[in-house]
């Protein structure tokens, strides 16, 4: 059974609208190696778990629960990056400066810029919001979920999955300097590092020695300032269990990290504080939420109820 | 942020293995109108919510959180139905009586029956477990998720979605009398009824009068005994909020149910007790979890740690 | 602009329900080489037609219009073949004799047989009706439509498409002796032959000589009695234009047929008479149409209006 | 059986080429809520119709037939918008001003601009024509078609479908001021409104009262001048039946419109006049139709035949 | 540049037709973890290889070339298993004994049994041959190919891929005792083992110690007699390079195997002898190859040319 | 059995990076009518070949083997065109001049330009390399492969396929003047011409006379200088067999070419020389290959081994 607190797992730093960065971040949400996939993969592996290795079940499922909050975080981040983009004016001029000479596209219509973005669906279908698709527009697919039932193999796959997620997020970091985007990208780089530690440690307990190859990609991630700040807090070596009824994951996730970054692994006692979530404003050009004044009044009556 | 208790939202009644029923139930898990879809649709609608109608956000998101537990319940049910099927002997004889005359398929090999089931992937890929696919083998797709951003439209879609889910589950009920399958099918028939009430009530608050068309399908569902038992407990008129930080959903979900079944709507104060979850047994013919005695010993050492 | 007469283009002979044959026929409806594809391909080629070769446009579009009626015919045929299957008792015993020893599947539930058919969606999703999918369950895809814009190439593709359609329908004929299925299969074998003549003739007018390779597959199709009857009427050498405003297709479609079956090509002056269409009966086990007595009364009031 | 007149259902106003608008309009053609989908959905619902509610069958099918003409209209509109784009020079300069500094892309090659458009397939595959895909390049899928067999549910779905179609077309209107695009977009906004009236009225006859929520999106659409012109003609309250053999749809579609725009519903006695269809010119850079002078002569001989 | 010898890489043992086993084997051909995927993945990794680690390039590419021959082997095996199935009579009676009571399916038509097989496309589309699909009918997808560009990660993925391939083939072995199927399954179990050694050894050279977890699945595969025979020849520890211009792969693939089965790794000097390939016989019920006597004579004239 | 020489089948002329051209070329690699498709289609047709027409088998398979080398060539060409693009500075200024006014996209981050390319996956997923997708981002699909088993039909399809491939490559030639792109495009135009000759000649041997319609598209291709050079060498009339054990293809592929370009067909005795293949350089911004100095040293030790 699942529960919710209407808060985000990490803070999203405000910055200018940036639909191109939003589109890139879709890979981290609905891509083959994005958060929807890790979430679904670990949950299915938990529901189908076999045998007595309870701490391993708790470990996989614990990461899986966290991933739902990552889906929430990255979806909200994408939302923040597209929201308001059509009406946005840059410091240097109109948003669609690059395209203003195109015939019929002089920016005179409210959603004109949508024609020249990475995925027009963000404006035409999703009302300036996030979608369950990747950065090239492919919808998320159930065929991504890997669950062989062989524990060693599932753990190796999960390690590879987290490493690929971290690799792609490092590339995303190199693609944009928008602060909204980078605040979430950096957080996920560090959490993917933690999850590499999770699966590598579990495999270490089965007898594998990782030498010096982890984490992947293997570079000094503290050269990304936002990442450094989070690593200095030890976030790459912690894994909260997200369980209201306790967890045995700490039986596996303990001792020294199996990464060259080293340090002791830790299952914190408390979940993060969380950051308040606020719904976006109305977007009349999207007819969203699109209530008439008359119906809006009905809604407000409901809202004022004790 | 999401949290978990390692319990199921409803009891799964034990019965004989039944891979055909398991395959049918996949529609309720990974089908176009199944639980993965309702879950993802309501969560995306929440993350992308616009405007000030907070009780409506809390209502949609509240149902969305419940749907994650439905995914957990139906995945586990499918798992129980396939698990052990290859070695199962019916009262009347060998499991694959129907196919025993086929050349080369005399049932002499451990997984032989897999060749003649609804989806061989349950045995070849998923190790006798559930998959994120529908009953015809199509993987779940992100293109299913509907989130127009127009509140009225999203609510109408959600009502239609729950009604279709309930329709398909009623058909599933007519397809099998396996008790494991029916215990979960019946529960979901009643919960989909509750969710029809949720969205119909929200639309009622915007000014629509549903007359006598709800719930859809509109028949006396108490003719299904397991459904009757649950309806007698009023489960079709309740909606828990699944929030650790409170919810405003009760501002909308209250008063008389907009269904011909009538009765007062209620947001209970407490979540259900839940039913303990137990991992399945080892399945050596699937090499699952497939640990050698030597590695199993390492795992047991971990498990015995304090 | 398109118009309709609520009649079928050919008669569907009644026979017993046969969901396996229905599923096979789905290939002819929603398969890669089925009627939805020919319809859409020829319509797109018409809408995007370039240049002055008007008779060729009228020819391609004329066949395209006919294909909509083929979609109607084959969908209705599939519908007739699945409809009532769950309650059907064969002369030799219960329908699902083959599966009656399976656990929990003793045929006691109204839709039990659905678990063991070619595509459970016919019962679970489509309410014992036709679907836009192929015989292996793949949904029809827009990627099937070929429209290169090069006239010679489009004509060659269309010839190949009709030949493949005819090949698959000949195989379907060999798969079932159900009269409902065969009446439509045979009709389509002959019409695909006519369409091979259409495209081969158009290519002949550009300078290609087909020798003795057509029609494909190249065998004596009159060995299929239903096909012989239709060929004796010359149906393989006729192509009606389906236009209310006249057509220039007869400028190309005339002279000797480019098939070894020979004979003069003809554009008939009148469309076929057509066969009345009757909606199927209610199927309560599918909750279809699923109106309550109360609502049914409202509907009947409407129906009795002048 | 279906028939055709080689005319368009509404006039397409000429304007400059605009491949970005063309790509956006693909959503209305091959998108999940576009015309191919409404067409196929209503036709399948008609072919699979159950029970005695004949006026409802005629209503659904009547709209379905109209949708084929919408597919024809929007495909031709897209065609007009892409056609000739590569050779087009804007008033303000070269078409691809925005991209002229890119290496190797100085516009010196005939199809160079294709590299920088919304979907290169419009030029590489479709020869400057329309395709059965959406605005993000996804091919149309048979999985879009909804046909539950439950009449109430199908009607609710159809209402939601038309409302979503209208919502997306209103957004498309805000994306471009190209007159070619807007003439078709506006027409479809009004027709989707009419179709909302169709399905809402049918549901009203079953007992639902829509209050003031329709049409969706619920705003003053007469602020779009082209839409106002069409609404002043009452086009949003009319539904022609497109049947050569009469129709019972007027038994349902009559009385006051269930939208806040009000007014009496009407089934006109005659179909619209229609607008002549002319094939596009040759496009040598696409090798379309690509006939050699020698073969062109053969074609012309055919065309001159009586 | 690629070259071919018209021989198979391993012998296919003859046995009775077995379309169910054929369908299962499709997973090994066109499945997400089948031979088409390994082939394409390693070839793309080779074409996109970066940096100076030439022996690693040669190693990945060498395995990739072998996989093309595996595609050839398994496609031919599937072909042998379906070929002739429709006309086949078992020792115990008619092939479709299990389904002979179904209405209209008394086996009287030449392809009747096709209606009741795992994938009707084997008979309707593929003419009793192999297809690029998996055992559940999903077409092979380019989205399967993984090529991150990070060498460590690609090697880990490849190891996981081979292990999953081997796991699924071990399950296939447990599904059928048909000798045709098992001869190829067993060969691929051993070659996947060899490929696990390839990638594990490459990772060992980067510093990872695998302990005792390999090969996956980790069980005594010599309990499968056909596998034992091949392992006794050391086939699990050999990797030929398939290059006409030499290879540096032996710089990595040498020393002790990183599996618990141990033994020295070896790059043999010569490729296997290979086994002659013979095309299948004509299948008139499939109209394949479907030449008329007249055209057959033309073909024979060609064949007799020097 | 397949063999390899680590050389390219034709020279790739060096030029500036051009990711837009690279993306366009993906159609030729992973598109519905690209090289992966011809390769797989001909190989499957060979593996499933029926009957005694050995020279036709050798012909189809011979072309199929060549197509693997085409996949290698075009993948490498795409690779060369994307490689290094992010750091590239044009003569006229920064690469992303067109987009430099966009908010947050001032080109200050290493992979910033990736946000504005045809497919961001080239940078985010594929590490500046080629992918098995088309120019619109659709992954290659097994459903493309056509293999009807009817020899005449397969040959007609193959002819159409080569003609469509040549048509699209001629359009690609018109899209870019980048020399790297054009060197490969031109080579493939000529080879597709040769393959049109192959299939047209085989059909000629069955009795078809092509008149003057071939090759398609039918224009003077020598107006493309790079094409002229290759045609002057007769490359459009040659077909090497790529077999180490000889081939009977020359029994069909001989005599006059069935194209208006005429000339004698020829099966050369020797394969082309081939052009050396060199792996690309490291791309640190992609973390590719991403080895640490420490691990790089291990790799270099391996590379220095005898």
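Any Cβ shown, glycine's included, is placed from N, Cα and C.
Nobody curates TrEMBL annotations by hand; they come from automatic prediction.
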Per TrEMBL, member of E:35, E:174, E:226, E:232 binding Mn(2+) alongside E:67, E:70, E:162, E:195: E:35
E:125-157, E:257-289 - the one TrEMBL records as region 'Disordered': E:257-289
Cα separation, residue E:58 (Ca(2+) binding site) to residue E:162 (Mn(2+) binding site) (Å, whole number): 18
Residues satisfying Cβ distance under 8 Å from residue E:70 (Mn(2+) binding site), sequence separation of at least 6: E:9, E:35, E:38, E:39, E:188, E:191
Proximal but sequence-remote residues of the same chain as residue E:195 (Mn(2+) binding site) (Cβ under 8 Å, at least 6 apart): E:38, E:63, E:158, E:162, E:165, E:239
Sequence-distant neighbours of residue E:58 (Ca(2+) binding site) in its chain (C-beta under 8 A, six or more apart): E:241, E:243, E:247, E:248, E:249
For the region 'Disordered' (E:257-289), the number of residues DSSP places in helix, strand and coil: 3 helix, 7 strand, 23 coil
CB-centroid shell, 8 A cutoff, Mn(2+) site E:35, E:67, E:70, E:162, E:195, site residues removed: E:38, E:39, E:63, E:66, E:165, E:188, E:191, E:192
Residue E:35 (Mn(2+) binding site) - helix vs strand vs coil (DSSP): helix
Secondary structure of residue E:70 (Mn(2+) binding site) (DSSP, helix/strand/coil): helix
CB contacts for residue E:162 (Mn(2+) binding site) [other CB atoms within 10 A, all chains]: 25
